Each structure stands twice: as C-alpha cells, then as structure tokens.
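Encoded as structure tokens, the structure appears first; notes follow it.
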C-alpha cells in the first residue's frame, strides 16, 4: 500500500501570459517548498548558479523533444525558510489588497520568491491536431489567403507542427530571425530581403530557379541553389527578436518582408505581441485580417483583427466570448471562409450592383421628364408610386438575391478554393463595376422613358382620344419600369428557390394590386389611367419591346464572355448543368453498407485524432539542419494560434 502524505497549501502564484509560469507554495512536515512550472526560456533564467552539466543535458533533451513536435515545460523547486516566507507573505497580502497597480505589484512580489530555483525535470506532450487541419490549411493557402501563425511554443516545436499541418513543405526556403539586439534583427531582415531579391532576379533572368535551401546569416553569401519550378519563402521569428522587429524603425521593413513570404511564423510570442502583429498588418496593408484561437492567450489578437474566430475547446471559453464567430473545431474555418464567406461577398456585391442599377434607372426618368416640363419640379410618377418603389415593388427581389443567391454550391466552393480569389481582389464590386451599373441604369432609363414617349406621341385610342397626357404616360412608364427591373433581377438570379419565385413574381403582381387599391379604393389622382392603357395592344407591345431592348445587350454581353473567356465559376456551372442533364432514371440498386470506425481518442487543445508523432520522428518530412554558428533557416508554427 502507498504512503499517505498531507500537504498544506500556503499560496498560489497565478499564471499569466507575461510571466509564462505558475507556482505553488505548500508546507510538508514544517518544510516550505515552492514548485514552479513554465516555459524553458523563463525557468532557465531563474535557476540557481551551478550544476551546468545537468542544465546542458536538460536543454539538449528539451530541444530533442521540441524537434519531435512535442510541447515542453520545465519544472523547478525551491526550499524556503520560515522567516523569509513570513516576511514575503506579508508583502504578498499587501499587494493583493492594493487598489492601484495590483497586477504589477503582485508580479514584482512573485519575482522575489521565484528565484534560485532547482530544476527537477521537464515534460513533453504531443498536442495532436484536430481532424482535417492539414487539409484546411492547404485549401486556405490555395485560395490565396496568407496564413501567419503566432504561438508561444518553442521554435522547434512550432516548426514540426508547421510541417505536419502542411503550412510548410520541403519546397520552401525557410528564414529564421532570432537576433537579440535591434542591430542584429535589422541585419537579419536585410539579409532575408537581399536573398529574396536575389532569387527574384535569378528567376526573372531565365536561369534555373532555386530549390530548397538553408540560409546562414553567419555566411550571407552562401545560398545553395538547385532546380525547382517555383520559389516559396517562409519566415520564422522568435519572440525576443519580434520585440525589435516591431520597433518603429523596423516595423515597415518587417511587414514588407513578411508579405513576400508564403507563410510567417512567430514563436515564443506573448498575447500583446500577437495583437501588435495584427495591428501592424492593418496599419501598413490594405487587407482584411482574421484571427483564430482557442485560449485566453488569443483574446487580444482576436479583438484586434477585423474578424475574430474562437474555437471552443479544453482551454476555456475566453476566446469564444471575445470572438465574432465561434467554431467547434478548426476544420470548420474552411467552410466559414470558402463557402459562407464567399457566398456572403458574392451576394452582397450582387445586391449593391442591382440596387444602384434600379435606382439610377428610376431617378433618371425624372430628369428626362424635366426636359418636357421645363424643370418645374413636377414629377413624372405619382407620389404614392415614388414612396413604395423601393419599399415594396423592387425591394424583395433584391433582398432574396442578397440572402439566397449562389453561383456554385458549397461542395464546389470547397473543392475549388481558387473561387475565393475574386473576393480577395475585389473583382465583384469596385469603381469599375459601379460605373458599369450606372451606365446600364442610364441606358435602361433612356429606353424606359423615350420608347413609350415615341410610341404614344401620335397615338390615340379606338375612340379617337389622344393618349399622350401626363397621367397616361406616368402609369405606362411606371408599369414598364417595375416590369423591366423585375425581369432583370430574374436574369441575374443564379440560384432559384421557392422564395425567389414568390418574391420576384409576387412583386410584379403586387404592383397591379397596389395600383388598383390605391386608385379605386383610396381614390388616387391617376385613377383609370393604367386600366385604359392595358386595354390598348400598343401598351403590351411597348412593354415587351422595352424589356427586350434592355435585356438583350446584357444577355449578349454575358454570352460573348462566356464563350470567349469564361471564368472558373462559369466552367463549373456549365459542367454542373451537363451533369444534371446526363442523369437519367433512378438508380434502383441497393446501397452498399459502409462501416466507419470513429476515433474516440482525445487529448489537449486540438487533440481529436492520432497525432503526427511517428511521422515526424521518422524523419520523412524533415530536412536535417546543418550545424552552424549562425542561425539556421527552419520553420515553426502552432495551429492553435493563427492569424489569417
């Protein structure tokens, strides 16, 4: 049987993201001890002098564990005499009761006792990746999204995680910046930039491009070159170097270098540094930033980004509460961006284009009428029609497009990540698209106003009455305007649902119902004008002519580009239509029974499947680094803290 020991807990020195360690003080048999756990970069600086051989062995083991992709911690202990602890405890109580600068005072008190520690061991755990993390990272990169990983892990650990999640690969040239002074960091950034410029010039000159290489800043002229089709770059920077890189003198150079890289990894960074990196991108680059994390360390980064995404998991719900979107697993980020994000951008751009188009056409009809009324402030339309045109007659169809439309389905959006690229380049709505909408609206207004005017200029009814009066013309133009705008939105609808049919054809029906109720039941000023117009065959011929003249150029323009230079979306839609036409009959065969074993393993922050430990330790995906007095290019990344 084991022996029962009783400990008296005296004090807990809380963990925070700046201290990066946690301690407990307890008493056993009148002996007071402090146990501390934390990052190796913090613990080793607080160890007592001496025992260098043991420290060197432990540091070597730490690097080996980190090289295998394991997350490491150091554990240390200190024996404390009673007199020192009593005096320290009084200071601790005073600091804990302070009303101002409480956290700062507590940190100073913690520093007094967390010194002269004795290293007693190190821990290493495998923080496994969630399901489909590598696939998600790969698809986001293919979509043209830049991914920066900001993590507090060791450099070696983050490098292996970067390889396992496919953020990094052997085709990349990896740069590591780990200078301890501002001059060293500046020199290393310059060397990285010079290497990049040299490679770019090498590719432009037509010579063979480079393959995987290792850049040694101790020998900046030594850059290995081999054959490859494309040159990719990745930058790794340590937290102590990032402090200097974020300085005013170097921040712009740092951002410019990072944006040239396919992937950027910041390791051993604090939560404040994570937020500062996001702020730096927002400051110098006209880009939309997204930050995703699962712990309290990521809250500041999530709040700083344009879009914050929190992952609910084992590390609490602080990130979820601070985020704009909450996900159960990291792999759902792929659907959030490539499906819902892309659809949202596509729908909103289509909504805005049609909104400007229909209002330009509506407004310019008043201007054309002004030439015939001497700009006397007389409106062509009835005040009731002006009030409800945007509220009822044309609102619901455009809202249906903005809420339901989609050019390709969700499976195609994920299967072809390149579909996300137009959104990154603002291709669906920009200055050019705005003026195109204005031009189409101007053209539509000219046709809607002047074609009926010319048709009825010498017109008369069967009884010989002149039909070209203000009320008659107003009702005809109003009816044609609503019809043309409704037909146009029907042509612009890519994805038809029951709701689309109801709101599009229902809006057209609503116009006739509302006009009848207003003119005949309420007593509008234009009573009988529309009814008289609808009795004439000319009205229906003019309506058909106007709609055809407005729609035909747009349809011809689209068919021309669909035939000569189709984009990826057009190709996928045509392919989908062909597949639907080829499907005939119903498959009556019995479906086969498929058995799927679901993993029940779990672990830490992202542990939902067996990790990549065996693959990493086998050395199949790792490039053996060369020993050098300088710092060697490798790469580090942690999936739990990502800025996109």
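Don't overthink the numbers, they just go from 1 along the chain as shown.
Cβ coordinates come from backbone N, Cα and C, glycine included.
The local packing around residue 71 (ATP binding site), expressed as other Cβ atoms within 10 Å of its Cβ over all shown chains, amounts to 22. The ATP binding site annotation in TrEMBL covers 15, 37, 71, 151, 152, 153, 268, 274, 297, 298.
Under the DSSP three-state reduction, residue 294 (Mg(2+) binding site) is assigned to coil, being neither helix nor strand. Among the features that TrEMBL reports, Mg(2+) binding site is placed at 294, 298.
TrEMBL lists 321-560 with the feature domain 'P-type ATPase C-terminal'.
Annotation comment: TrEMBL describes 355-377 (among others) as transmembrane segment.
Taken from TrEMBL, the feature transmembrane segment covers 383-404 (among others). Same-chain residues lying 6 or more positions outside the transmembrane segment (383-404) and placing a CB less than 8 Å from one of its CB atoms are 347-348, 350-351, 354-355, 358-359, 362, 478, 482, 485-486, 489-490, 492-493, 495, 497, 499-500, 503-504, 506-507, 510-511, 514, 518, 524.
Annotation source TrEMBL lists transmembrane segment at 437-459 (among others).
Same-chain neighbours of the transmembrane segment (471-491): 354, 357-358, 361-362, 365, 380-382, 385, 389, 393-394, 397-398, 401, 444, 448-449, 452-453, 456, 504-505, 507-508, 511, 515, 525-526, 529-530, 532-533, 539, 542-543, 546-547, 550-551, 554-555, counting only residues six or more beyond its ends whose CB sits under 8 Å from a CB of the stretch. Positions annotated as transmembrane segment by TrEMBL: 471-491 (among others).
Annotation source TrEMBL lists transmembrane segment at 498-518 (among others). Residues of the same chain lying 6 or more positions beyond the ends of the transmembrane segment (498-518) and with a Cβ under 8 Å from any Cβ of it are 384, 388, 392-397, 399-400, 404, 475, 479, 482-483, 486, 489-490, 524, 530.
Sequence-remote contacts of a segment are chain residues at least 6 beyond its ends whose Cβ falls under 8 Å from one of its Cβ atoms, and for the transmembrane segment (538-561) they are 440, 443-444, 447-448, 451-452, 455-456, 459, 476, 479-480, 483-484, 487-488, 491. Marked as transmembrane segment by TrEMBL: 538-561 (among others).
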>> What whole-number Å value do you get for the CA-CA distance of residue 71 (ATP binding site) and residue 298 (Mg(2+) binding site)?
In response: 18
> Hey, of the binding-site residues listed (294, 298), which one tops the CB count within 10 A?
Replying inline: 298
>> Please report the distance from the Cα of residue 268 (ATP binding site) to the Cα of residue 298 (Mg(2+) binding site), rounded to the nearest angstrom.
In response: 13
> If you measure residue 298 (Mg(2+) binding site) to residue 152 (ATP binding site) at Cα, how many Å is it?
Replying inline: 10
>> Taking 10 A as the limit, how many CB atoms besides its own sit near the CB of residue 297 (ATP binding site)?
In response: 23
>> Just to verify a number: CA distance, residue 152 (ATP binding site) to residue 294 (Mg(2+) binding site), in angstrom, no decimals.
In response: 13
